[in-house]
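Engineer: First, the structure itself, so that you have it in front of you.
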Amino acid sequence: MIHCRSMDSPIGPLILAGHGSVLTNLQMVDQTYEPSRVGWLPENGAFAEAVSQLDAYFAGELTEFAIELDLCGTEFQQRVWQALLTIPYGETRSYGEIAEQVGAPGAARAVGLANSRNPIAIIVPCHRVIGASGQLIGYGGGLNRKLTLLELEKHQVLTSLTLFD
């Protein structure tokens with residue numbers, strides 16, 4: 001049984017869904033690809049930790065999530081999403097770099113398609129994938145949100161650096 005709840009965030013309302021405390025979906029309410037929500041039931045408090053971690057992320061206090069995920073997709077999508085989880089907070093990779101990482105050189109467009117089907121936005125950080133020349137390309141939640149997330153992470157990385165040790 002899939003349970004869901006919404007939460008407010010600096011990038012707009014988010015929908016969390018899953019079974020037990022295991023997250024299967026984290027979506028922006030108006031993103032371009034949304035899963036069917038038929039049969040989803042209100043959650044019973046099981047996502048309190050996920051909401052707490054997301055709040056801490058948006059406050060700049062959390063750089064790595066510790067939430068159990070259940071990613072459902074094709075074998076290729078799974079490989080791409082696992083690769084996304086290796087991109088450090090505050091850093092970016094190109095679609096081509098991810099294609100190379102998953103053993104599919106030249107499949108940058110396929111990586112983009114897998115990103116567009118990422119069921120767990122933000123936590124599986126598809127927003128950290130950019131074009132080869134550094135430009136922002138494609139994001140199911142819109143380029144403004146992608147830029148906001150990248151700026152949040154970059155700001156936190158820059159403010160945590162010390163000039164002199």
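Glycine too: its Cβ is placed from the backbone N, Cα and C atoms.
When I checked Swiss-Prot for this same protein, it listed these features:
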{"type": "ACT_SITE", "residues": "Cys126", "note": "active site, nucleophile"}
Engineer: How many other Cβ atoms are found within 10 Å of the Cβ atom of the residue listed as 'active site, nucleophile', counting all protein chains shown?
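Structural biologist: The residue listed as 'active site, nucleophile': 27 neighbouring Cβ atoms within 10 Å.
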Engineer: According to DSSP, which kind of secondary structure is Cys126 (active site, nucleophile) found in, if we only use helix, strand and coil?
Structural biologist: helix
